[in-house]
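Enquirer: First, the structure itself, so that you have it in front of you.
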């Protein structure tokens, strides 16, 4: 027993040393940097919570009322809670797999100084190169599409403040603005941005709620949802997408000084997000009903006031932040591909990251379908990236009795049985595969094709109101 105990103590010592080294590298002497360290170098539990909550409830906040109109009030509320809890569980699984991977590597004296661990590397280390390829393909494609969605959302929102330019032109402008995220080195440096981002979405959510209730129901309001299966499952996959924002969980954990403390952070973040999404979605659907079916962006129906313009501007800033959240893991992957990940020069790293932004910019111009694209991404990518793959990876990693016995993290207090864990994971895989990917994929792709047929690719101004002709003729 003594050698085993000594080995365990050595492992803990090694883990603490690695964390200390990482912190020293990312967190310089605060007495020398003062305010810069306070705003720039984040690695605490609170930083991780703000990052998770801020990243989870970005522009999708504006499309959830659209989902309610497709599904009806009851389904909208119940599925938000259901997918919120499911997403929190799979985020927990990802955190367990990260800790397991890191502890195994540290036993081999592997150092992660100047290297950010990513999800595909966790899969590679625990399950082999085939899982690495699958994880890399799904994660990168999802993050690419997530970045595209943020650009589309920027153009859609600013149009409701200044409609002198069409949405496509605004996409050009915001593509250039969002390209500046290449200068943010890692998730350590999102401290102030995460804090501000969550404050912005909190204001927006409660503005939508209060404005909808204050304006009351529009004349002749109709609540016909759910009316068609296509619409129902399109709305459901948008909610699946809402609570599947943990494609950056591993990067957020790696930015923490003590990653082992992450386990329940995503759940606590989700509970807070419920206070934003449920009231705003329900209030908008109550007030506007079926009008939301043709207005995927909630701002489109709310009367223009200074309060609404403030919400639009705040969401624009937050979407810039969320663009950075989605793009930063892609920057890391690209740096590793071209051998520049160890470079310490911020300007050199920014230069080599620019090629990542160009295809995102281009895709946002081709497919400007705010709302429908969320559902398509949710069904085809999120379903695998953040639900199915983590559940399968967890079951396979701990399929042997020795792996379960020597696991770096023990089972949670609320589910202390490996059998129960396997039952939950199996349920998630089957449910998401059938309902999310199967029915959701059919519905969201059908709806997406309908948008292409209606508006065409490179649509100049998607869902813009028809202007009355001007002039004296």
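Yeah, the Cβs are placed from backbone N, Cα and C, and that goes for glycine too.
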Enquirer: Name the residue range among 1-29, 30-58 that TrEMBL annotates as region 'Disordered'.
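Expert: The range carrying the region 'Disordered' annotation in TrEMBL is 1-29.
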Enquirer: Of 100-122, 376-398, which range does TrEMBL call transmembrane segment?
Expert: 376-398
Enquirer: Can you tell me which parts of the same chain pack against the transmembrane segment (136-158), counting only residues 6+ beyond its ends and a CB-CB cutoff under 8 A?
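Expert: Contacts of the transmembrane segment (136-158) (Cβ under 8 Å, skipping residues fewer than 6 from its ends): 58-59, 62, 118-120, 167-168, 170-171, 174-175, 177-178, 247-248, 297, 299, 312, 315-316, 319-320, 322-323, 326-327, 329-330, 333, 359-361, 363-364, 367-370, 373-374, 377, 381-382, 384-386, 389, 462.
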Enquirer: Before we move on, state whether the transmembrane segment (170-188) and the transmembrane segment (310-334) share at least 3 Cβ pairs under 8 Å, counting only pairs 6 or more apart in sequence.
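Expert: Answer yes, regions in contact.
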Enquirer: Would the transmembrane segment (346-370) count as touching the transmembrane segment (419-442), i.e. at least 3 C-beta pairs under 8 angstroms with sequence separation of 6+?
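Expert: By the criterion, they do not touch.
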Enquirer: Please determine whether the transmembrane segment (264-288) and the transmembrane segment (195-214) are in contact (criterion: at least three Cβ-Cβ distances under 8 Å, sequence separation 6 or more).
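Expert: These two stretches do touch.
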Enquirer: State the non-local partners of the transmembrane segment (310-334) in its own chain: residues 6+ outside its ends, Cβ under 8 Å from one of its Cβ atoms.
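Expert: For the transmembrane segment (310-334), the nonlocal Cβ contacts are 51, 54-55, 58-59, 61-62, 116, 118, 120, 136, 139-140, 143-144, 146-147, 150-151, 153-154, 157-158, 160-161, 174, 177-178, 181-182, 184, 186-187, 190, 193-194, 196-197, 200-201, 203-204, 207-208, 247-248, 251, 299, 341, 349, 352-353, 355-357, 360.
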